[in-house]
Structures are given as structure tokens and as C-alpha cells.
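Remarks on the structure that follows.
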Amino acid sequence: MSEAVVPQAIRKLAPGKLVIASHNAGKVREIGALLAEHGIEAISAADLDLPEPEETGTTFVANAELKALQAADLSGLPALADDSGLCVEALNGDPGVYTANWAETPNGRDWTLAMTKVEQALATKGPDASRAAHFVCVLALAWPDGHVQWFEGRAEGTMIWPPRGNVGFGYDPVFVPAGGDQSYAEMDPAQKHAISHRADAFAQLIAAVL
Ligand code: IMP
């Protein structure tokens, strides 16, 4: 007989300080703006001189949790971390948690190279291979006592080639979200932010804990 799954109790986040476990100033500003109306004051991990942990997990949840738990433990405050990436179905979910690594070069990240690598990998699957893909964003919220809960947002879509558009970042030019015909990089940023995997994860977090 299978065991019943007991849902994890959701802990509410009280108004006050929240560490955003990221050294990316743009990300911290964006998250801070989203949470300010709920009485949350976002503080960046960089402002607190917190170290950036190595992302040793093999899942989005594991990486988001390790970043949030470390920041909560070191700061003594609740902390929020995210981990995201692109999963291509015909590539068994690659690049997945290694999405940023596919862009690494000795001189920094090269997104044209990363998009080309994904396209080349897809080409090896033949002309009839599925071009379905999804972006994932996992948000992990941790407290100094080790309590952690996470929310997974997704955006389904299709891989296109050649890349289109020049707004946004990362793999935006090769991903067309379901239901539209513009790539993420051709959309107005507000339009992308309303439908993205990150928007989905934040909507779940806000509904559950605020
Ligand atoms: P991380 O979550 O900071 O580890 O980054 C994962 C990688 O996924 C980023 O460096 C981007 O390349 C990619 N990624 C995540 N979200 C998006 C998006 O909205 N558009 C394009 N690429 C993204």
C-alpha cells in the first residue's frame, strides 16, 4: 500500500527584511519591486557580504534550496533564492540545471554559443524531432531554523532557429512561449514578465506565503 503524501505546512512570511540570495543587482531590484507592496524589504546577499555558494545540486530545487538555506543561516533572516533554466524535451531536459554552463567560455558567458550548442544538439535528433521546451524557475524560501519551502513556475514553448529579437537575456531569442508567435526577445519586457516561468513561480509564492 502506498503511503499518503502529507502536504508540507506553509509558513507565512511576516512583513520585514528578506535576504535575496543573489549577487545580481538587477534580479534583486526586480524581486524587491514585486514584494515591496507586501511590506517586504529586500536586501541583497552582496550588501551583507554573503558568499555565493557553489551550485552543486542536480535539480533546480536542490540548487535554489542550498542558496536560500545558506543565506538564511548566515544572515539570521528569512532568505529567498531562485534557480532557473531551459529544458528541451528532445534533449531529455538538457541543458536544464546546466543552462548557464552551456554558455561558459574562458572569457565569460557567450549566449550565442549556448543557443548554437542547443540547436546543434537538436539537429542530431533529426528533422522530425520535437522542438518543444519549457523554462523552469524554482523559488526557495528558507528561514534560519532550517525550514524551507519551494515553488516551481513553468513556461511551455517551442525552440526556434535562427534566433529572433534583441530584448532580454540568455536564451530569450530562441524561445517562443506557447500561444504566441513572438520569441521572448521580441516581446515588450512587461509582456514577458506577465507570462514567464518566473512570473508563475512568484504568483504561487505570493498566493501561498504573503
Ligand atoms: P540561474 O538561475 O541564475 O542559475 O540561471 C540559469 C540560466 O537560465 C540563466 O543564465 C539564463 O541563461 C537561463 N534563463 C533563465 N531564465 C531565463 C529567461 O527568462 N530567458 C532566457 N534565459 C533564461
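We count from 1, first residue shown onward.
Backbone N, Cα and C atoms are what each Cβ position is placed from, and that goes for glycine too.
Per TrEMBL, the features are:
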- D83: active site, proton acceptor (ACT_SITE)
- S22, H23, N24, A25, G26, K27, S84, F169, G170, Y171, D172, K192, H197, R198: substrate binding site (BINDING)
- E54, D83: Mg(2+) binding site (BINDING)
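With a cut-off of 6 Å between Cβ and the nearest atom of ligand 1, the recorded positions N24, E54, D83 reduce to D83. Ranking the recorded positions D83, D172 by other CB atoms within 10 A of the CB puts D172 at the bottom. Spatially close to H197 (substrate binding site) yet at least six residues away along the chain are S84, H134, F135, V136, C137, G153, R154, A155, judged by Cβ distances under 8 angstroms. Counting other CB atoms no more than 10 Å from each candidate's CB, the binding-site residues G26, G170 peak at G170. Separation of the C-alpha atoms of D172 (substrate binding site) and D83 (active site, proton acceptor): 16 Å, rounded to the nearest whole number.
Secondary structure from DSSP puts N24 (substrate binding site) in coil. Ranking the binding-site residues S22, N24, S84 by other CB atoms within 10 A of the CB puts N24 at the bottom.
Cα to Cα, D83 (active site, proton acceptor) and S22 (substrate binding site) are separated by 10 Å. A distance of 20 Å separates the Cα atom of G170 (substrate binding site) from that of E54 (Mg(2+) binding site).
A sphere of 10 angstroms centred on the C-beta of E54 (Mg(2+) binding site) encloses 9 other C-beta atoms.
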